[in-house]
Amino acid sequence: MGDVEKKPLLADISRQSSFYSRQNGTYNEQEEDPELGSQRDDLERSMTQEQDQVTLTWKDVNVYSLPKKKGCCNRGQSLQSPKQILSNVSGMIKPGKLMAIMGASGAGKSTLLNVLTFRNRGSLILQGDVRVNGVVVDKSSIANISAYVQQDDLFIGAMTVREHLTFRALLRMDKRKTRGERLQKVEDVILDLGLSKCADTVIGIPGRLRGISGGEMKRLSFASDLLTNPPLMFCDEATSGLDSFMAHSVIYALKSMVRRGKTILCTIHQPPSDVFELFDEVFLLAEGRVAFSGPIPDAIEFFKSNGHPCPMNYNPADHFILTLAIVPGKEADCKSRVKKICSAYEASQPYIQMKEEVKSGPVQVSQSFIENTLNNSSRYGASLVQQLRSVFWRSWISNIRDPLIVRIKFIQTIFFSVILGLIYLKTDDDYSQNDIMNVNGAIFVIITNLSFTNLFSVLNVFPLEVPIFLREYGSGLYGVGIYYMSKTLVELPFLIIIPVIFMSILYWMSGLVHDATSFLIATAVAVIIGNTAASFGYVVSAAAPSVTAALATAPALMIPFLLFGGFFLNSGSTPDYLVWLKYLSWFSYGNEMMVVNQWQDVTRISCSSNTTCIPTGDLVIKSLSFDKDNFYLDLGLLFALFVGFRLLSFFILFVRAKRSSS
């Protein structure tokens, strides 16, 4: 930044920096600490504008929600009229301003933010327009120039702060930037947002990996979107879940950003007074109408002039919310008060002037801003190869650092293989009649254990990543195919190694036929079974809305497949009306192949003279209604099931991604 030394934006978070206090019934700005003011001046001089500044306006916005239709499958006629959520809402925010959008619950804050960001509109009916520098914009245009920091902080917890920002920089920044420039931007943003101390700390996974604090996580959300240096930012409940100090540090970070000429809107719910005073303007909503828009001191004077003065030493934010709230049991009085306040503001000179300014037409805007920024139709900031490399890199780091995936899974595999080996312990392959049941039981336990282990390893991890994927897909980081291919490639080694370890221990302990070829065939079948079960887990995880739902649904769906696996019910006894379940059961295909592999070359099974015996392995196979000639057919069908589950989970993920971004 020239010859001026760059200082971190959060180098000194001081509660003395530009705050308001009540004195003699007025709301006056106190003198700023000279040392802090000097630091801020140096900071501002060190900054250069890298893009056009943005004035955002919205005019006569009306939003209606459609009532649900009555009748079967919501096809009947609805007798209710659409409910109006926002009514003739107009407003504007200029560059270098930090605006708080506030209101009581149900006032329309989230709806307005969704209108301005063109997100989550669903079946809403909308009227009015949104403009940037006087130019009407759509979803694509607003996405090109803005960042949307959502309420929930979603990250891959095994990544460090620097690694996460590097991942975002590689995928989100302009394609014309070199790798060196991207990495330098990461370091600049880390310094700017006060993340230097935790730059090499993992973000954290609740209950598994200890990571950064809530305030640092929120600042990381801002840092993620600052990499592209957007002139416009939207923040949804930026201080939600933070204590007062952390909330102050987060809003102070936003305050520092607007000094660069950025335009920032932030919905916020009853902030502490020292947080509220950092905002330049407030936009108050009540019952879907505008109650006030403008500087905070003007808001206090407006409420005072309308018979609602803010008490001495009272948080103005709390005063505004309580005045505009609809109190249960006093709905009529509250709605009457809100109506008077909103009508008074709509008739006020500041509101009339603001609406005239909104309607006055386009501000001067460069043609390059329209062509290169608003009309930039490129969805992704990186090539397909770069997307694949980056997502693969992140997935690999996530896998090898997550203790649930690496340490616990390997320890669990070794532990269960040894325990099961001791239960079915047999050191030779001289079989008796009792060994038939024991060996067949060991085979089915192998299939069941691999199925449930691989299934739950997916269910415990993948549903947590789906919301992150949907958000990043909506932000244009990468495509569905890139994400799914990366996940598949990264997890494939684990889905091969785990069954190999399991079989290498249990196979030789449980008395399965002592032959290297048979062992290799059984291990290969076990690998495919494990991968098929994991693929089924991806189907459930992609469709389930949460980990809880996935964990509750998957076992219920898998139990029928297990029952038709040929162990609990003879394969030849399957009812005709349920035979389709058998064809969808990887337990059935895997069990038949492993039983055939085990018994087809066993020519003698010892038998006492006073019992009915099964003397050969071929008869064991036939007693279960299995057929040696079905081995390769089973192998093909099992592989087809594996591929089918993968394609189905990809399709579900693709549909969810398209719907979430619409």
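A Cβ is built for glycine as well, from the same backbone N, Cα and C atoms used for every other residue.
Database features, via TrEMBL:
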{"type": "REGION", "residues": "15-51", "note": "region 'Disordered'"}
{"type": "COMPBIAS", "residues": "15-28", "note": "compositional bias 'Polar residues'"}
{"type": "COMPBIAS", "residues": "38-47", "note": "compositional bias 'Basic and acidic residues'"}
{"type": "DOMAIN", "residues": "61-312", "note": "domain 'ABC transporter'"}
{"type": "TRANSMEM", "residues": "404-425", "note": "transmembrane segment"}
{"type": "TRANSMEM", "residues": "437-462", "note": "transmembrane segment"}
{"type": "TRANSMEM", "residues": "468-485", "note": "transmembrane segment"}
{"type": "TRANSMEM", "residues": "492-510", "note": "transmembrane segment"}
{"type": "TRANSMEM", "residues": "516-540", "note": "transmembrane segment"}
{"type": "TRANSMEM", "residues": "547-569", "note": "transmembrane segment"}
{"type": "TRANSMEM", "residues": "631-655", "note": "transmembrane segment"}
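Confidence over the domain 'ABC transporter' (61-312), given as mean pLDDT on the 0 to 100 scale, stands at 86.
Outside the transmembrane segment (468-485), and at least 6 residues removed from its termini, the chain residues within Cβ reach (under 8 Å) are 119, 143, 148, 150, 154-156, 168, 171-172, 379-382, 384, 387-388, 390-391, 649-650, 653-654, 656-657, 660-661. Only pairs six or more apart in sequence are counted, and the transmembrane segment (547-569) with the transmembrane segment (516-540) gives three or more Cβ pairs under 8 Å, enough to call it a contact.
The stretch from 437-462, 492-510, 631-655 with the most CB pairs below 8 A to the transmembrane segment (516-540) is 437-462.
In this chain, the transmembrane segment (631-655) lies out of contact with the transmembrane segment (492-510); the count of Cβ pairs under 8 Å, excluding pairs fewer than 6 apart in sequence, is fewer than 3. For the transmembrane segment (437-462), the residues of the chain that approach it from at least six positions outside its boundaries are 402, 404-405, 409, 412-413, 416, 420, 424, 426, 431, 487, 495, 498-499, 502-503, 506, 510-512, 526, 529-531, 533-534, 536-538, 540-542, 547, 550-551, 554, 558, 562, 565, 567, 586-587, 590-591, 594-595, 598, 620, 624, judged by C-beta separation under 8 angstroms.
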